[in-house]
Amino acid sequence: MAISPVAATALAIALAALCLAGLDAGFYLPGVAPNNFDKKDPLQVKSTVLKISVKFFVFEMREPQMRQIVCKISVGEKEAKILKEKIEDEYFVPIKRMDQEGAYFYQHVFHVGAKGQYARSKDEKSFIHNHLSFTVKYHRDAQRDVSRIVAFEVKPYSYAACDLLNNVKHEYEGQWNDKKTRLTTCDPHAKHIITSSDSPQEVEVGKDIIFTYDVDFKESDIKWASRWDTYLLMTDDQIHWFSIVNSLMIILFLSGMVAMIMLRTLYRDISKYNQLGTQEEAQEETGWKLVHGDVFRPPSNSDWLCVYVGTGVQFFGMLLVTMVFAVLGFLSPSNRGGLMTAMLLLWVFMGLLAGYSSSSLYKLFKGAEWKNIALRTAFTFPGSVFAIFFFLNSLIWGQKSSGAVPFTTMFALVLLWFGISVPLVFVGSFLGFKKPAIEDPVKTNKIPRQIPEQAWYMNPIFSILIGGILPFALYPDLHLAAPVLLHLWVLILVITCAEISIVLCYFQLCSEDYLWWWRSYLTSGSSAIYLFLYATFYFFTKLEITKFVSAVLYFGYMLIASYAFFALTGTIGFYACFLFTRLMYSSVKIEY
């Protein structure tokens, strides 16, 4: 087989980051159906980078294969340098390991190679894992004689794995003839070692490296619905308990301090304003009370603010109900198809809350075209996401990947959108617009007050970007957090978004700047900018994605995630400031 050294380097890095069709991490909407395999049915091996088929490996259901040749490369100086750097940097792919009590837990990664020394030598060498041993576990239906893949394991070796007690570097006789070459170090027909050596496969300039694999099949009692339980188990050293709990406690402590300071400051302001004796004294005062006649003036582009607030409420409702169901045990990340389907359905039904909240706010702004707001709420965010998703899915279709969402599923998504979500948004908008409008605690002046020149640190762009840092700082280590800590993180995220928005809103009003509506939304919502920037930084510094389609998929899905995070956090900050300003101005005496 002709293969370039660079491609072989990538193969060595990602060789075991492969999964079978039965374990494909594809997109499961609206649900997931298991695949049944008869004996000798071909199994497609997928790359987790893009879920594309990899032709290096040929698996047939319940047909073990021994010492199959993948390829041979000649290591030049450039390739040797790259391989040694990857081994030095501890590049890795999945493997299982055993804990101290003897129970198996599954690591998500194994290293491409290892650094080591030969006996009686102090020189450190680089050894590459040139053989992969796959074990595919399946659950068999005895009545129909079909099987469902429920698990797979992969073990890397820096030798041929013909005999686990020996290190064997591959050698062959005669001319190289791709997969038909007869290895002298390992004969798949004889199923025993012919010759062996005491050295593993070292990365050396001018030497050949032969990559091989074998696959075995084992029947398992694990049912298909429980296939992910084993992989979700994590040991204490995988969960950075001290770091996570310490971070959460610091955030809670700081949040409590900020809340206490704000309450004391606000209480002092209210007491001072209520003790003013004359109208002349009131006119001499400065601060947030002076803008009481403008603080509830409708903002510019208020209709779009209503739309995005409704979208955020829809997200928050979906997240809250999902968390409740997860705590009660109805939802589990082990059932990925069920979890995704539940979240999709919850999003669809939360359209009722989206329409209600957007039209209620729209009526507060003295709007009259509630159908226009309902239409925008029903189509703005879902339409944008669907367009991006359809574009990305078209790219996957173009790569002939089974990870692409089928046309029937896409059609079902459109039916859910137009058949359930859109009508519920209109129903919610109708109900929200028919209810009595929310009354402001103070009257709004007919003539807008002039906003004085602001200090540099009160510049809208600067304060908005500063406000998004703290909510974003809560993100690290979430992928290693236990479910209970994830629920706690959501609670702290809500508290943090609310507090940072309230604090900056208070400073803004004290500076006699009453344009707080949009800024309260953007302050906490700007954390989505940092999320996307971090994803970009991670892409260029941590990931080894070279294909254009894979890069587009990565940034496309991160754009969707950041967009959703913007709507969620922005809405939390907006409602926090909304309640804060109403409470604050209803607590002071206003003379007209």
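From the backbone N, Cα and C atoms, a Cβ is placed for every residue, glycine too.
Listed features, source TrEMBL:
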SIGNAL    1-21  signal peptide
TRANSMEM  241-263  transmembrane segment
TRANSMEM  305-331  transmembrane segment
TRANSMEM  337-356  transmembrane segment
TRANSMEM  377-398  transmembrane segment
TRANSMEM  410-433  transmembrane segment
TRANSMEM  454-474  transmembrane segment
TRANSMEM  486-509  transmembrane segment
TRANSMEM  521-540  transmembrane segment
TRANSMEM  552-580  transmembrane segment
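With respect to Cβ pairs under 8 Å, the transmembrane segment (377-398) is most closely packed against 552-580, considering the stretches 305-331, 337-356, 552-580.
Only residues 6 or more beyond the boundaries of the transmembrane segment (454-474), in the same chain, are considered here, and those with a CB under 8 A from a CB of the stretch are 247, 251, 489, 492-493, 496-497, 500-501, 504, 507-508, 511, 513, 519, 522-531, 534, 569, 573.
Same-chain residues lying 6+ beyond the ends of the transmembrane segment (305-331) with a Cβ under 8 Å from its Cβ atoms: 299, 338-339, 342-343, 346-347, 350-351, 353-359, 361-362, 365, 367, 373, 376-377, 380-381, 425, 483, 487, 490, 517-518, 521, 564, 567-572, 574-575. For the transmembrane segment (410-433), the list of distant contacts is 29-30, 310, 344-345, 347-349, 351-360, 362-363, 370-371, 373-374, 377-379, 382, 386, 390, 393: same-chain residues at least six beyond its ends, Cβ to Cβ under 8 Å.
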